[in-house]
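A.B. asks: Structure incoming, see below.
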Amino acid sequence: MQKSKTFNEAVIQLNTLQSNSEAIQHWTNFRTTNKTESQSYVLQTMNKYANQLSLDISSLSRRSIHVTGTKGKGSTCAMTESIIRNHGFKTGLYTSPHLISVRERIKLNGESISEQSFSDYFWEVYDKLSSLNDPFKISYFWFLTIMSFYIFEKEKVDCAIIEVGIGGRTDCTNILDFPVACGIATIDYDHMTVLGNTLQQIAYEKSGIFKRGSLAVTVPQVPEPHKQIIERSIELGSPLYITRPWANYETLSGPISIPEGDFQKTNASLAVALSAIWLQKRGNVKLGVDLLDASSEISSLPPLFPVFQVSDVFKKGLQETQWPGRAQKISQFCEYPNLHLFLDGAHTPTSISAAKDWFRSATSKHKGPQIHLLCFNNKTGKPSEKLLSPLVEYSQFRPFQKVFFVNSQLKQLNYSKVKVIEEDSKNQLEVLTKIWRDTEAKDPTSSPIDSLARFETVDDAFEELKGVARDNKDKEVLVFVTGSLYLVGAFLELLDFKF
């Protein structure tokens, strides 16, 4: 009898599908210079994989919710999943990236799939796709996407909530041909080499998930992407709603507990709208929400999503949402109870600014003497002043006693981690240090931080943090970890955080 392959073996094999920098650059060039051809290639290739797996994409699509955006799309997906699950439906949730284990990307009923299930499904899908006549060239993310869809079909989920990887139009998740609802979270500058250099171009790519006859919802956007999203909804035949301010729901329904951070109010409003559409159209739950007819003429002035009284089931779903690494506080994790971590994987200028506001609010609840520290890294591209300026500005309001620029890696490498393609990590940290000093110098009223330090691993930075806590036991040591989900994930892994 053949011994079954292990989870570790599955992850090691999966990691061989990671693309090198040359392949990534080739695909980036192709999708930016051949818009129509690149979208056709994605759909044809993903459909070929689906056919090889005897996977009915249309069936899954008609039970799905598809979500894109630059910041907040993951949180929106997590809240949407929790709301629908609390209504008694079996859910599948696909998100990226993972913080510690690749299993986090694929959830059934709110739980990461088990190591055994991951291994079993991985080899089942891998072996079937390997038997294709053409060379096996599927990439890491494309494989996980088709594998998650396969799992959701096999597990007979009632609702699949799917987060876009990058953009939307040419993302491999866009094989979903008729989702119940499509959502767009806040659009900001990110992945500009792929999506474009303007918010209008980025919005064009992200609104490419709209499908004729599917209802679409967007959060309020700044004018440039707002106009583009409306134009795309008309072009693609997808009736569009704009979400309402979160206060509208609380005025009608009373206080509602949602994940921490004021920015989550925008995401919660989108999650409530997407959940309401799915529950009424697919789940046959009577909420009394008067929805647009999918075949009606699409307005160039999209309506606000109808406000309705949020039930206790909705409230429970929102309250129970777990989304680690975003506006997350951790205490009592080591021998120094005065050491507290505030983690947020924000990695764009706007999201870092929002995370900074959350840190300010969260730390204001701590009384007595305090020491504020910052741990930062960013791997989304060439570091820029825009990324660090919100934090430099904050340090003038409440100075960071020390700023640590930290590589997003541990001394003990996790085999399940995706390789982070970077040029020279040491040089990256030096560049961040220079940008911080240059940004300080441009403000004549600023008081430069005395201590800027660089650490090659999170382990080294953590030992330094513990040293500060040990030497200042009479003070609360409040550490803001931000700039990268990989950095946040490394901290959580070091602390053996359990999902």
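Heads up, the Cβ atoms here are built off N, Cα and C, so glycines get one too.
Sharing the features that TrEMBL gives for it:
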- SER96, GLU163, HIS191: Mg(2+) binding site (BINDING)
- ARG326, ASP344: ATP binding site (BINDING)
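Describe each of these features in terms of where it is and what it packs against.
C.D. replies: According to its DSSP assignment, SER96 (Mg(2+) binding site) is coil.
Under the three-state DSSP scheme, ASP344 (ATP binding site) falls in the strand class.
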A.B. asks: Where among the binding-site residues HIS191, ARG326 do you find the Cβ with the fewest other Cβ atoms within 10 Å?
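C.D. replies: Comparing Cβ neighbours within 10 Å for the binding-site residues HIS191, ARG326, HIS191 has the fewest.
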A.B. asks: Going by a 10 angstroms cut-off between Cβ atoms, which of the binding-site residues GLU163, ASP344 has the sparsest surroundings?
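C.D. replies: Counting other Cβ atoms within 10 Å of each of the binding-site residues GLU163, ASP344 gives the minimum at GLU163.
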A.B. asks: Cα of ASP344 (ATP binding site) to Cα of HIS191 (Mg(2+) binding site): how many Å, rounded?
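C.D. replies: Spelling it out, the Cα of ASP344 (ATP binding site) and the Cα of HIS191 (Mg(2+) binding site) are 19 Å apart.
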A.B. asks: Using the centroid of the Cβ atoms of SER96, GLU163, HIS191 as reference, list every other same-chain residue with Cβ within 8 Å of it (recorded Mg(2+) site), in sequence order.
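C.D. replies: So the additional residues around the site are LYS73, GLY74, THR95, PRO97, VAL164, GLY165, ILE166, ASP171.
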A.B. asks: Nearest by CA distance to ARG326 (ATP binding site): which of the binding-site residues is it, out of SER96, GLU163, HIS191?
C.D. replies: SER96
A.B. asks: For SER96 (Mg(2+) binding site), which residues of its chain lie six or more apart in sequence with Cβ-Cβ distance below 8 Å?
C.D. replies: ARG105, PHE141, LEU144, GLU163, GLY165
